[in-house]
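Worksheet: the structure to be examined is printed underneath.
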Amino acid sequence: MPSSTRPPARPSHRSTLSLQKTEITIHVYDLLPPGKLSNTLWALGTSLLHSGVVLNNKEYAYGGHDRPGLTGVYWTKPLTLPPGGTFRTEILHGFTLATEAEIDSIIRRASEEFLGTSYNLLTKNCNHFTSYLCEKLTGRPGPGWLNRAASIGVALPCVVPREWIEAPDFETHNRGGGGGGLLEGEESGDEYYGEGSRMLRGSDEVPRLVGQEGRREEEEHGITINKGKGKARDEEGRVLPRAERAPTS
């Protein structure tokens, strides 16, 4: 009697989608002014850095603000310089086989974990977010050296220069140039989105909070959104450098 044969297994919908890999890249920015000091600290691996994770042509980062219950995770066009920042390097961290829906879910959960009012320059900053998101996507955290300056500040705060912990508000842009930092003397409830900043940035360069894109569109059509006032601070009261302030709408 002939042996029975089973029909070949049909590939599942999930396995087919998994063949599509998504590249995960980290962009690193130096928050100290260009010069001998920043170059020396970069060479030593102790620079004050800002980082973002690039997925599907969006660069995700984390910043602080004063709006309770609102995420501090935002995205912008890749390689959009943070105010006062200088691009340093690009790191190919790896790939994920997660579907687009799964990636969106991971980012949404990250946005719930990293609220704007939870931001801390030393213990919960943009580089902690980068490490967290990379680990959720690939199983490997981001490079530890991104946060070396913050780690030194936690262990030995008395010997770390103040500039490493509370970076000054560097002014590297003017009304005739690009970039988008607020100009000296300009005040706005949304520090990242002063009117001067709006004029300097293209619409595709303006950071948008994860899950708040619709609110930004409402604002652009004349619907007012209440914003916090005063300078943004981290959870311990330190004034945030502009590169570490998230938009609030």
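These residue numbers are counts, starting from 1, taken along the chain as shown.
Cβ coordinates come from backbone N, Cα and C, glycine included.
The compositional bias 'Acidic residues' annotation in TrEMBL covers 184-193.
If you look up TrEMBL, you'll see 201-222 (among others) marked as compositional bias 'Basic and acidic residues'.
Annotated compositional bias 'Basic and acidic residues' per TrEMBL: 231-249 (among others), in sequence order. When the compositional bias 'Basic and acidic residues' (231-249) is classified with DSSP, helix, strand and coil residues number 3 helix, 3 strand, 13 coil.
Model confidence over the domain 'PPPDE' (22-164) stands at 90, taken as the mean pLDDT rounded to a whole number. Annotated domain 'PPPDE' per TrEMBL: 22-164, in sequence order.
The region 'Disordered' annotation in TrEMBL covers 170-249.
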